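Novice: Residues annotated as Ca(2+) binding site in Swiss-Prot: GLU40, ALA43, GLY45, PRO442. The Fe(II)-heme a binding site annotation in Swiss-Prot covers HIS63, HIS379. According to Swiss-Prot, the feature Cu cation binding site maps to HIS242, HIS291, HIS292, an assignment based on similarity to another entry. Feature annotation from Swiss-Prot assigns O2 binding site to TYR246. The Mg(2+) binding site annotation in Swiss-Prot covers HIS369, ASP370. Per Swiss-Prot, heme a3 binding site is recorded for HIS377. According to Swiss-Prot, the feature transmembrane segment maps to 15-37, 58-80, 147-169, 190-212, 238-260, 267-289, 304-326, 339-361, 376-398, 415-437, 452-474.
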Amino acid sequence: MYLQRWLFSTNAKDIAILYFIFSTFCGLAGTAMSFIIRMELSAPGQQYLQGQNQLFNVLVTGHTILMVFFLVMPMLIGGFGNYYLPLMIGASDMSFARLNNISFWTLPPTLICLLTSTMVESGTGTGWTVYPPLSSIQSHSGASVDLAIFSLHLTTISSLLGTINFIVTALNMRTNGMTLHKMPLFTWSILITAVMLLMSLPVLSAGVTMLLMDRNFNTSFFEVQGGGDPILYQHLFWFFGHPEVYIMIVPTFGMMSHIVSTYSKKPVFGEISMIYTMGSISLLGFLVWSHHMYVVGLDTDTRAYFTSATMIITIPTSIKVFSWLTTIYGGSLRLTTPMLYTLSFLFLFTVGGLTGVVLANTSLDVAFHDTYYVVTHFHYVLSLGAVFSMFAGYYYWSPTVLGLNYNEKLSQIQFWLIFLGTNIIFFPMHFLGINGMPRRIPDYPDTFTGWNLVSSFGSMMTIMSLMLFTYIIYDQLMNGLTNKVNNKSINYMKTPDFIESNNIFLMNTTKSSSIEFMLNSPPTIHSFNTPTIQS
């Protein structure tokens, strides 16, 4: 029965927990790869990889694909999305329960393909972009790139199946009276993300399928000798790749809105505008892909358009940031662990956005392209944006998932460790990038030694914070205080005080604006056997 529950589950909550476990494992593997990269770069010359430069690039590729496709997307969309989207709209489960199951179980074979690709021949040393001609049969002759492409195909299938499920559930299974404008912001963020996935993933599939054909069936889509063009691949990849960045960050916008609202004890400022800004960010995300390609020989008019369009994205993003700040302003602020992560997300996401504005300029990007300035830009947005919001989401919602509370003191120590560690890693990279240190190269001139050493020290701090985080989870599961009295949930995060005053147990409650905190914790398998009604 136990195996049957987890292998054949059609319950969204169980599948979400499987996603959490799987993505945590992949995240730790990706972190281990990044740690090896940072140790190799801690000093000039050969360090730990003993001059195996191909292995360095294999680690870079593995780290990126693991973090993007196996940590951020499965956790934010598959984990938090599966668990909380049905709860927030008053649905008993996802619309297609069996589809949900297969969309998860497509992922483990995908991971096996990816990890195998690193061990076949000399591994996939192409970076996550898999650009030809580096990824073509002349440069990577073995089966490694083919396995990586199969891995991308399978993860695309998994994401598309989940996407269909989320869209249908959000549009068709809302409770009575819940119009789209009354739908919670996190649900909106998952819906918008799902639409973006549906639009962008087929383009990636087309690109890597053509690459597979070039490698194995002698076609010439990207082979110059046969009349093909490798730049076409870059256009196809980045038409997926740029929306992908927003696919990773938009769910975090929804989570941040909930957490800011809860710990400020105020409704989110401008809730409708928050929905429209998410929509406009996702739409604009499809119109700016060539800003990744300023140095491939685009003409001046094209580059002028992409510079302007990229800068326009900062407008809806700024509206979101200032709306969060306005929500906090004048609120009854409680600096719990989730709120600390959220505040640091606001600050660090803004820093990452500002470096993005710099890179949007063609003239500057020509200088900064493929340097560590680009690396630190997207890590500030993703590593210190998306990942911090995952921690925030865990600390915010795990008491409702497990029915057990975590150790607040330890979790705040863990926050400060990872906050300092990640900033010590990535802030010095601005200076390295401005001075022209190139990406994906395992060696560098002596002049870059100082900041690289600082950066590698930050990596050690981050590893320590993750060790502490695993202990916090262990402590929560073993010793966490339950939120129940006489078998009734008295979860200290109860109903929203700006909607109603329902403080039955006279506790110092934290308020939330959505329905998931009004249920038992952990919630029952079908939380709403009787349909709820939205007032």
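Residue numbers in this text run from 1 along the chain shown.
Glycine is treated like the rest: Cβ placed from N, Cα and C.
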Novice: Sort the binding-site residues GLU40, HIS63, HIS379 by C-alpha distance from TYR246 (O2 binding site) and give me just the closest.
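Specialist: So, of the listed binding-site residues, the one sitting closest to TYR246 (O2 binding site) is HIS379.
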Novice: By CA-CA distance, flag whichever of HIS63, HIS291, HIS292, ASP370, HIS379 among the binding-site residues is nearest to GLU40 (Ca(2+) binding site).
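Specialist: When the Cα distances are compared, HIS63 comes out closest.
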Novice: In the same chain, who gets a Cβ under 8 Å from the transmembrane segment (147-169) while lying at least 6 residues past its ends?
Specialist: 61, 65, 69-70, 73, 77-78, 81-82, 85-86, 89, 91, 94-96, 99-100, 102-104, 106-107, 109-111, 113-114, 116-117, 120, 124, 126, 130, 190-191, 193-195, 197-198, 201-202, 204-205, 208-209, 211-212
Novice: Can you figure out which of HIS63, HIS291, HIS369, HIS377 (the binding-site residues) comes closest in space to PRO442 (Ca(2+) binding site), comparing Cα atoms?
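Specialist: If we rank HIS63, HIS291, HIS369, HIS377 by Cα distance to PRO442 (Ca(2+) binding site), first place goes to HIS63.
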Novice: Excluding the flanking five residues on each side, which residues at least 6 beyond the ends of the transmembrane segment (15-37) place their CB within less than 8 Å of a CB in that stretch?
Specialist: 6, 9, 48-49, 56, 59-60, 62-63, 66-67, 70-72, 74-75, 78-83, 100-101, 104, 107-108, 111, 401, 459, 462-463, 466
Novice: Which sequence positions outside the transmembrane segment (376-398), separated from its termini by at least 6 residues, show Cβ-Cβ distances below 8 Å to it?
Specialist: 67, 71-72, 75-76, 80, 83-84, 245, 248-249, 251-252, 255-256, 258-259, 262, 336-338, 341-342, 344-345, 348-349, 351-353, 355-356, 358-359, 404, 406, 411, 415, 418, 422-423, 425-427, 429-430, 433, 469, 476, 516
Novice: Taking the binding-site residues one at a time (GLY45, PRO442), which has its Cβ surrounded by the most other Cβ atoms within 10 Å?
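Specialist: The residue with the most neighbouring Cβ atoms within 10 Å is PRO442.
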Novice: Looking only at the recorded stretches 58-80, 190-212, 238-260, which one has the largest tally of CB-CB distances under 8 Å to the transmembrane segment (267-289)?
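Specialist: Stretch with maximum Cβ contacts: 238-260.
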Novice: Ten-angstrom check, please: count other Cβ atoms within 10 Å of the Cβ of HIS291 (Cu cation binding site), all chains counted.
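Specialist: The answer is 23.
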